[in-house]
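Over in TrEMBL, the protein carries these features:
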DOMAIN    11-90  domain 'Cytochrome b5 heme-binding'
TRANSMEM  159-178  transmembrane segment
TRANSMEM  198-218  transmembrane segment
Amino acid sequence: MADVELPECEGTSFSIEEITQHNKDGDAWVIHSGKVYDVSSFLERHPGGKDILLNNSGRDITTIMSDDQTHRHSKIAYGWLHKYYIGKLLEKECKSDEDNLDNVCVDGWREDMVDWDKPMLAQVGKLGPNYIKWVHSPVDRPLRLFSSSFVEIFSRTPWFLVPVIWIPVVIYSAIMAVKHLNVEFNDNHDSRSFSVGYSFVSLFVIGCLLWSLVEYCLHRFLFHLLPPADSPFWITFHFFLHGQHHKVSLIITLVVPVHIQSHNYTW
């Protein structure tokens, strides 16, 4: 594991009384290991929901974050927390590195290997054997894929675009399926209505279950294939297809655009 940079002890100091005043939505501070963090902008993106952060804002969360009964956080969580560091607790002295090994703040791994101000897609292929460890060390920061601002627009898919595109496709497919089943059962007029309805519902449920299985297999056995360390092309392809979700997992709109992937499902 690479050496990590801990938050500096020097800087602004805050009293307990001052910190406890920042305990509401839009203004939330927390204490961890004698250090103070402003997590106001992180509330809506907290994987466990913002309520648990609000309930503990203005307080020391050192014990809570390491409590197995509540939820023990991984080093990834401490890496995200590191971004919001604003100072230290006035009443406590900064602990030594040895005292903080269990709660070390790791803001990704070797982020100096890339320039986050430049498009990432042109850089990841140069990481070589360091790519796998780098991509599986998430960070909480903006990611740009392309140099062109116009092309960059198409690298993100708003949540509402998925139902807007796919609900009409599902409805159209359902109508066509019912018409096809009507033709199949046309010879038996007495049971046609029951047979079409029963068959459609059965096929629809089977299709949902089958697609869930196919999607899981694609994700588990295709997307998680490791690219060759000596192939910039396959490293870049892996990052574009799936690796970016591991690196910046909090950017929920960063997905392969619907209009690009739609042809895969039309069959």
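Note: Cβ is positioned from N, Cα and C throughout, glycine not excepted.
Here the structure is a predicted model, which means the values were calculated and not measured.
The domain 'Cytochrome b5 heme-binding' (11-90): residue composition by secondary structure is 29 helix, 20 strand, 31 coil, according to DSSP. For the transmembrane segment (198-218), the list of distant contacts is 174, 177-178, 181, 185: same-chain residues at least six beyond its ends, Cβ to Cβ under 8 Å. If you take every residue in the domain 'Cytochrome b5 heme-binding' (11-90) and average the pLDDT, you get 82.
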